[in-house]
Each structure stands twice: as C-alpha cells, then as structure tokens.
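Asks: First the structure, which I've put down as structure tokens, then a few questions once you've had a look.
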C-alpha cells in the first residue's frame, strides 16, 4: 500500500531543511552537483559514446532499416528506461556508490565488486580506442590526408585508391580480392603497425602510447577534485559532439548520392520483424548503449540532492541517447551514399561497422570531399569527445565507490584518482603494442558483456524480490514526493527481469570465437578471454562465501538470513531525511530494515 493510501501526503510542501541554496552542498561530506544541468550532461556524456556512431547505424540497416526502430524503441521503454531510473534513483536515495549500495543486502555486495572489475578492464582498453582519434586528428592537420593515396612507405603492392576502384568498376574488373584500400593500410600498417597475430606483441607503438597517456592525463585533471570539475567539463565535452554531428549532417546531405545512402539506411523491411534475432539485437543494443550494471549511473545519481526529480532525467537521457543513435545513422549513411556514388558501387558494398567504420571506411569517404582535412579533423575531434566522457565518468564511479567504502580515503581522493589512472594507463600499454588491436578485440569480446548482464540481474533480484519492489517504490516516493504509477512496479518485478534473461540467453547463444580480419584466435587465447570474464563474474560467489565464513557465528541459515537484510547504514545519508523515511516505514507497517531482521 502506498504512503498516500496510508494517509501520508507525499507531495506536502518541502520543509526548510530540504530547501538548500543552489550554491551550497546539501551533503557536505560527499558533495553535490553544482546544478541539475551538470548532472544531466554528465549522464548524457556517459551514455552517448562512440558506439552510437559506429554500431547502431549498421545494426539498423542490417535488421530492417526503419522497421528496426519498432523493437528498438519498445526495448528502450521495457528495459533501458526502467534500469536507468532504478540505478539513478537508488544512487540518489542512498547517496552511495555501487559498493555501499549493497548495504541493503550485504550477501550480494560482490555484485558491486564485479561492476568495479568490469569498469577497470573496460576503461583500460577503451582508453586506447579513444586515443586513436587523437592520432588521426593530428594526421588530418595537413594539406592532403595521408590515406588519400598509395605510394607511401607503409603501402603495399595491393594498395588501391578510390579512383582505381572506380576505374576497375568501369572496366568490369570483378576480381578485387587482393585489393586493400589506402585508408585500410594507413590504419593497420601505419597507425597500428599491426603484427601478424595476437601471439606477436612486437613492442610498443609510441604515437598510440603518447595519445593514451594524454587520455589518462585528461581524465585525471577532470575528476581528481570530484564532480565540481566534472560538472563543468561536460558542458563542452558533451555538447561539442552534438554540434559536430549537426555540421557533418548538413555537409553529408548536400553531397551527391547522399540520399541514396539515407534511403538504404531507413527503408523499412517489415518482414525482418518476424525474426527473433532482430528483437534480440534491439534489446542488446539498448542495454549496452545506456550502460547499466557498470555502477556509473548509480554514482552519478548519488551526487544529486535528495529531492531531485530523477524520473525526468531517467527518461530524457535514454531518449536522447536513442535519438542521437538514429541521427548519427543519417550522418554516416549520407557520407557512405556519397562514397558509393563516387566509386560506382552500391551502398552495401561500402558499409561496415565498429572500428572499420570509424577508422577505415568513414575516413576514406571524407578523403573524397572538398576540404577533406577540415572535415576529417572535425570528425575525429567529435569521436574523441564522444569517447572521453564515458572514460572519466567510469573512473569517477570507481574512485567514488572506493572512497565511499573506505571513508578514511576521502581526504586523499586526489591520490586515489592518481593511483587509479596510473595503474590503468600501465595496463592499457598491452593494447598499445603492435599486437594491441588483437588484445583490444579479445577484451571487448569477453570481459564485459556477460558480467554486466549478470550484475543487472542480481540488482533486480535484490531490489525487486529480496528488498522488494514495493519498498523501492515507497522509498522513491518518499524521496521525490511524487506518486509512481503502477507500470514501474510491473517493469521491475516482471518485464525487465524477463527481458534481461532473454538478453543473457541470446548473448550466450550467439557467442562465437573472437577473430580479427578473418583470423580466428587460438583456443588458448580464447581461454584467456574467458578468464577475463570469470575474473569479474566470480566476484559475486566469492564475496558470498567470504560473507558466510566471516559472519558465521551460528547456523548457516542465520548467517544467510542476516545477509539478505539491510544493515543500519541503509537509507538516506542525511539524518533529517533518514528520520522522515523511518517514520514513514513505521506508519506503513513495513518492518524497519535493521541488521539481522528479515523483511516480512
């Protein structure tokens, strides 16, 4: 029964204690966002990344064009927004990171550690991906792009340019198997200096090392003082990519052949909707695009003031994320249509996804434009700022979770941040070698996907079933002083858990051996990949065993019973908010969640 039904007015005027000056932190110990816009832009910067440009457009084209938007938007409202709201609101309610959050159910605290380990691994290799645009940006600052032509020291006899491909098409030369584009050779032979296989690391590539060091220095300077600096930096790093996307869109749609590419992108193939894989791809894309399970959404929410209406943000940011993905598709396919027009081929022949799109196909298309270096520099600057937000928000999440768990480290937050950045930079050097792209692909394939889904499932189990969806709804209504409609209850207790299981089963069923450029990695390398996945997943059962062993003062049953109920630390962080919450818990006849008491 809701607080309103019990006779409690949850929309009563906010007391003077709750009215805080916008320039003053409500939680002086942890700090708060300087403004609501700082929080919104930080969340948007985290959720909107390079994947919106290099993955979604190809996925949309492959899965039915405009028809794909139907399952995509359905999954947004059934999976994406419920998880996003749950994490951001719980972080705000408890003012805690992804470790301290599990004071609500200590037995599952390993879920927070699993999220931290995934963040550590993912941020390490993703920082190198963000470094690639920096290298490309500096190579764009010249009168002629170096990937426009062959005849360079890094080119091979198989190198071909767009003009040569056009001539081959006009002369009906169909045997192009040995042709390698100039942009492909520039990326692999010059930027990466790529080795023959993953078993050949063959030393560091120093330009990539330098660019990666810049990424980590940038991240450190953005977050070492906390959200006050982050909240100011994101005003530029989040908005700049949108400006660049719009400029590139205007340029793209004015090119010859652009509308052919756009039609190829959005033309609906309704028959695709009868395919289960299309719905699975939509669910997986929404899930990994918004980023639940990493702990970052929880951390960003924890810096909100207690009365903030987090429901609005939890709807606006995912919708903005999806709108950006769809808009990015127009930017990408307008240029690919132009490229197909110039090379005398069809759009499907020039379409690609992932790093190949961002660092080979799109740069090749840019080289065909008038004033190519300018458009190239703008594109790679956009990619850098799309990626860098995600990195420093994830590191902020990790640092905050550590300092929340060990409050004695808060005065030394700068040193904790410095140590974390140095350790992850050193770890990223494995991806800066000549075999680094293979390592990057291996980590990206195995390290995060399964663990993040499991972390979200555990999150739903804890708050949907152990603590209880009814209590979650009650707590959020007390916090925000507004009534949550019944669909939220239905989502958290039934719909979202079922779809998470669907996503997990699909990810496992579609899992194949990782490869790069047609080269399947050896079995023992695949085994290392599974070990990286296990390193994070195992944190959940390992912590459960640790908790049982360290707290087993009686029967295992009593220990488990204690581990499934909240500690005295659970609840709002500030005393006057906690008193109000406990009073309403008592009035609604909900058992006060204290240590060693099971919920009824």
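Cβ coordinates come from backbone N, Cα and C, glycine included.
All annotation found in TrEMBL is predicted automatically rather than curated by experts.
Under the heading Na(+) binding site, TrEMBL lists 45, 47, 52, 289, 321, 386, 389, 390. The feature disulfide bond is assigned by TrEMBL to 150-159. Marked as region 'Disordered' by TrEMBL: 1-30. The transmembrane segment annotation in TrEMBL covers 39-57, 69-90, 111-138, 204-224, 233-262, 282-303, 315-340, 372-393, 414-439, 445-467, 488-507, 527-549.
How buried are the listed features, and what sits near them?
Replies: All protein chains shown were included, and the count of other CB atoms within 10 Å of the CB of residue 47 (Na(+) binding site) stands at 25.
Other Cβ atoms within 10 Å of the Cβ of residue 150 (disulfide bond), summed over all protein chains shown, number 19.
Within its own chain, the transmembrane segment (39-57) is flanked in space by residues 33, 88, 129-130, 227, 230-231, 234-235, 237-239, 241, 265, 285, 288-291, 296-297, 300-301, 303-304, 308, 313, 316-318, 320-321, 324-326, 328-329, 331-333, 353-355, 357-358, 383, 386-387, 389-390, 393-394, which lie at least six positions past its ends and keep a Cβ under 8 Å from the stretch.
Beyond the ends of the transmembrane segment (204-224), by six or more residues, the same chain brings 127-128, 130-132, 134-135, 191-193, 230, 233, 388, 391-392, 395-396, 399, 413-414, 417-418, 421-422, 424-425, 428-429, 431-434, 436 to within a C-beta distance below 8 angstroms of the stretch.
Sequence-distant contacts of the transmembrane segment (233-262) (same chain, at least 6 residues past either end, Cβ-Cβ under 8 Å): 37-38, 41-42, 44-45, 48, 222, 324, 327-328, 330-331, 333-342, 347, 369, 375, 378-379, 381-382, 385-386, 388-389, 392.
If one looks beyond the transmembrane segment (282-303) by at least 6 residues along the same chain, the residues whose Cβ comes under 8 Å of a Cβ in the stretch are 30-33, 39, 42-43, 46-47, 51-52, 55-56, 59, 63, 68, 71-72, 74-76, 79-80, 83-84, 87-92, 94-98, 101, 112, 115-116, 118-119, 122, 227, 310, 317-318, 321-322, 325, 390, 393-394, 396-398, 400-401, 449, 451-453, 455-456, 459, 499-500, 502-503, 506-507.
Packing against the transmembrane segment (315-340) from elsewhere in the chain are residues 40, 43-44, 47-48, 52-53, 56-57, 60-61, 69, 72-73, 76, 80-81, 84-85, 162, 242, 245, 248-249, 252-253, 255-262, 264-266, 286, 289-290, 346-347, 349-351, 357, 361-362, 364-366, 368-369: each is 6 or more residues past its ends and has a CB under 8 Å from a CB in it.
A Cβ distance under 8 Å defines the sequence-distant neighbours of the transmembrane segment (372-393), meaning residues of its chain 6+ beyond its ends; these are 42, 45-46, 48-50, 52-53, 123, 126-127, 129-130, 133-134, 136-137, 140-145, 148, 215, 218-219, 222-223, 230, 233-234, 236-238, 240-241, 244-245, 247-248, 251, 291, 296, 300, 358, 362-363, 366.
Here the transmembrane segment (445-467) has Cβ contacts under 8 Å with residues 83, 86-87, 90, 102, 104-105, 108, 111, 114-115, 117-118, 121-122, 125, 287-288, 292-294, 492-493, 496-497, 500-501, 503-504, 507-508, 514, 529-530, 532-533, 536-537, 540, 564, 566, 593, 599 of the same chain, all six or more residues outside its ends.
Panel annotation: around the transmembrane segment (527-549), residues 106-111, 113-114, 117-118, 121, 442-443, 445-448, 450-451, 454, 458, 514, 521, 556, 559-560, 563 of the same chain, lying at least six beyond its termini, place a Cβ under 8 Å from a Cβ of the stretch.
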Asks: 159, 386: which of these recorded positions has the sparsest Cβ neighbourhood within 10 Å?
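Replies: Fewest other Cβ atoms within 10 Å, among the recorded positions 159, 386, is found for 159.
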Asks: What residues elsewhere in the chain lie close to the transmembrane segment (69-90), defined as a C-beta under 8 angstroms and at least 6 residues from its ends?
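Replies: Residues 43, 60, 101, 273, 278-279, 282-283, 285-287, 289-290, 292, 297-298, 300-301, 304, 310-311, 313-315, 317-319, 322, 326, 456, 459, 463, 472, 476, 479-480, 488, 491-492, 495-496, 499-500, 503.
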Asks: Fewest other C-beta atoms within 10 angstroms of its own C-beta: which of the binding-site residues 45, 289, 321 fits that?
Replies: 289
Asks: Can you give me the residues near the recorded Na(+) site, meaning same chain, not 45, 47, 52, 289, 321, 386, 389, 390 themselves, Cβ no more than 8 Å from the center of the site's Cβ atoms?
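Replies: So the extra residues in range turn out to be 44, 46, 48, 49, 51, 291, 324.
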Asks: What does the structure give for the C-alpha distance between residue 159 (disulfide bond) and residue 52 (Na(+) binding site)? Integer Å is fine.
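Replies: Taking the Cα atoms only, residue 159 (disulfide bond) lies 30 Å from residue 52 (Na(+) binding site).
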Asks: Please report the distance from the Cα of residue 289 (Na(+) binding site) to the Cα of residue 150 (disulfide bond), rounded to the nearest angstrom.
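Replies: For residue 289 (Na(+) binding site) versus residue 150 (disulfide bond), the Cα atoms are 37 Å apart.
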Asks: Looking only at C-alpha atoms, tell me how far residue 52 (Na(+) binding site) is from residue 150 (disulfide bond), rounded to the nearest Å.
Replies: 31
